[in-house]
Amino acid sequence: QDEDKWDFVLVSNIHEVGSEKEIKRKKFLDELSKKGFAIKKIEDKKLFYGVRAPKQIFWKYQWLLRNPNSRLQNCDVHCDIPVTTRIRIVNFILQNTVTPDLEKLDDLIKKKVFEATFPLHEKEEVREFLKEKWVHWRDIFCEQRIEKIRCYFGEKVALYFAWLGWYTYLLGIAAVAGLVVFVAGITVFNSSQVSKEICEASNTIMCPLCDQKCPFWLLSDTCTYARVTHMIDNEGTVLFAMFMAIWATVFLELWKRKRANVVTDWDLYRWDEEEEELAMELINNLQHEPRRYQHSYFRSTIMLLLVLVMIAMLIGIAHALIIYRVIATALFTQSNFEFLREQANTMAVMTGAVLHYITIVIMTKVNRHVALYLCDLEKPRTFSQRENNFTVKIFTFQFFTNFSSLIYIAFFLGRINGHPGNYVRIAGKWRLEECHPSGCITDLFIQMAIIMLLKQTISNVMEYLIPWIAHKLRKKQQHPKKRSMILGEEEEEAEDPCKRQWLSNYQLKEVNIFSLFDEFLEMVIQYSFTTIFVAAFPLAPLLAFFNNLFEIRLDAIKMMRLHQRMVPRKANDIGIWLQVLEAVGILAVIGNGLVIAITSDFIPVQVYKYTYSPCMMENSTSVDCSTGYINHSLSVFRIQDFEPYTKLPEMLPDFLSNEIKEYRDYRNADDYSYTVQFWHIFAARLAFLILFEHVALCVKLIAAWYIPDVPQSVKNQFLDRKHSNLRKDLRWVMPRKV
């Protein structure tokens, strides 16, 4: 039976006899033969080399690590060692075999000596089980078979799906809470006193929103926008932001417990990755000397500077998006279409969000190349260290790519644009955007909704459709050829069952060491969207929840049917991603605190209610305490103080004699300096931010302390094991009775 099974397949073009590539290929295969590998050659349009490692390699592995696979994963092929372990060890030896020319397999692939390497999808019992119970859409709400996934793809992939399933499960709770907050906002759609005042302000004339064709406008024109804003920006949002800060902590603490249970069942809780790597190095080459730990302050400084340059470039792209929005607003206001003129700001926000999504798609590819280049400069000691360094860099770059524009909208839009008569302008021409009188939180809501919807629809569809279409096209090209084959060729095909299997595996989409990494990165960025600005977009957890239900099945279909088999990797946790998620949890507290304190109108309204409102002045209980807030938040401006090159619009007929117009700010009417109310609100914003963040962080710490990382059952299991081992050892030294 062993003679029919092959651990790995190498694919090469057919090179001329005696050519440099043919000689290099032969040297590499000779090195494998010296190590006892069996090699089988099949020729088609390409050359296929099946390799099978000798049993002695696996005996050495089991002896060095004292049989770490005490629970066998798969006994249908090699009863002495799991298939996933075989593939992992063979892959390590292939990647680290050195030819007499001091070239490794990666070098030969770059030089086109070999085209591809992959382990085989085989008709194992566990694979058929997964295809039946895991890949189908009918199982979308069913529990995943993590143990079976581990048996076929290894621990790293199994832990990814265990984490993704757990994250999706707990997202359901956050999604329900977000939906309740959103629905509660809809129920008060018409009841907000602030919205009512805006809708009834038919005598309040506002300053033009641009320099050329924009008219003076009535505050009551924005009635619908004000109601939508209050639907998002209300007291429930503050509670939901606090809830999500606690949710993020509880999710991670419960994941640590689940992970401890899972890896204890696999007997990998105390597994040492470094020891495993050293063992495989020695199996591959007995003369191997381990690379020493090194640290260079000079190299670290250079790396830090290069990372800062890249971050500065990403922030520059965010600035370019801001300039686009400013120019687009100006152009839309001068359009011949009435709809574009009236909705210029909203259209600029929406087209800006689409443009932002396009930059995310492009910069994701650029960020990957830059992060890999920086990792190569660092010269990490081991593959796992390289992977950790790459993870931190790519996440940092992706974070700034995804969130720079959102940070501007949340915290800077409408706060650095100056005031009528003294606007801040880009290139001295285009004035910066202003916030709506109801606040900027709706702009943030629109931006997040568009980006999340585009990411979760277009990206997922492309991620699945491209390999699916390619797979179907390859199958279609293959079928006519089979029909036209003459009888003799068909018999030859039947004589070698490996050929069809190797060809079908080769035609699947190629995977690499970062294939699983891409899935993790996608989910962690989504987790960031779901937590950091959730105060502005309470539907984010709901969108993420439905996306993940499909994501799990799409990933399963890709791995089982459309992609070549991943090289299994052993792991006992999700690696540095856990620290990244914890960092995102802290950023979520800071981000939501800033959104409520700065972006939202929550603080100005509260300051007005408890300091300047009729309730404070007249002690009246029958009046809504936010009555008069809108008028209080507006400042007046004299038309004669407009800048010389501002084209004054036509006046509204009813207000021809009125020279004072209004704008959203807290400024004095005489010299346009900030009023006492501005500084009062500024102090309240700062106080709330400090209070919110300290309370949220304290609650996070208490939740982390309250929920132990490791369940007591796991601790007791190890306690019993230690006690049993010590008792056995003690029997050997007990004195014998005479």
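Placed from the backbone N, Cα and C atoms, the Cβ positions cover glycine too.
Per-residue confidence over the domain 'Anoctamin dimerisation' (84-144) averages out at a pLDDT of 88. Under the heading domain 'Anoctamin dimerisation', TrEMBL lists 84-144.
Annotation comment: TrEMBL describes 149-717 as domain 'Anoctamin transmembrane'.
The transmembrane segment feature in TrEMBL is assigned to 157-186 (among others). Note on the transmembrane segment (157-186): residues 143-144, 146-147, 149-150, 230-232, 234, 236-237, 239-240, 243-244, 247, 250-251, 254-255, 258-259, 262-263, 516, 519-520, 523, 527, 530, 534, 538-542, 544-545, 548-549, 551-552, 555-556, 559, 566, 568-569, 571, 573-574 of its chain, located 6 or more positions outside it, place their CB under 8 angstroms from a CB of the stretch.
If you look up TrEMBL, you'll see 237-255 (among others) marked as transmembrane segment.
Per TrEMBL, the feature transmembrane segment maps to 301-324 (among others). Away from its own ends, the transmembrane segment (301-324) comes close to residues 352, 355-356, 359, 363, 367, 370, 374, 377-378, 393, 396-397, 400-401, 404-405, 407-408, 426, 430 of its chain (Cβ-Cβ under 8 Å, at least six residues beyond either end).
Per TrEMBL, transmembrane segment is recorded for 344-363 (among others).
Within the chain carrying the transmembrane segment (390-413), a Cβ under 8 angstroms from the stretch's Cβ atoms is held by residues 307, 310-311, 314-315, 317-318, 321-322, 352, 356, 359-360, 363-364, 367-368, 370-372, 374-375, 433, 435, 440, 443-444, 447-448, 451, 514, 517, 521, 524-525, 528-529, 532-533, 536, 575-577, 580, 591, 594-595, 598-599, all 6 or more beyond its ends. The transmembrane segment feature in TrEMBL is assigned to 390-413 (among others).
Annotation comment: TrEMBL describes 524-550 (among others) as transmembrane segment. Residues of the same chain lying 6 or more positions beyond the ends of the transmembrane segment (524-550) and with a Cβ under 8 Å from any Cβ of it are 140-141, 164, 167-168, 171-172, 174-175, 177-179, 181-182, 185, 232, 237-238, 240-241, 244-245, 248, 395, 398-399, 402-403, 406, 410, 441, 444-445, 448-449, 451-453, 455-456, 460, 577, 580-581, 584-585, 587-588, 591-592, 595-596, 599-600.
Here TrEMBL flags 571-598 (among others) as transmembrane segment.
Marked as transmembrane segment by TrEMBL: 682-707 (among others). When Cβ-Cβ distances below 8 Å are used as the criterion, the transmembrane segment (682-707) is approached by residues 242, 245-246, 248-250, 253-254, 257, 585-586, 589-590, 592-594, 596-598, 603, 606-607 of the same chain, each at least six residues removed from its ends.
Long-range neighbours of the transmembrane segment (571-598) within the same chain, counting only residues 6 or more positions beyond its ends whose Cβ lies under 8 Å from a Cβ of the stretch, are 154-156, 159-160, 163, 237-238, 241-242, 244-245, 248-249, 252, 256, 259, 263, 266, 268-269, 271, 273, 384, 387-388, 391-392, 395, 410-411, 415, 441, 444, 520, 524, 527-528, 531-536, 685-686, 688-689, 692-693, 696-697, 700.
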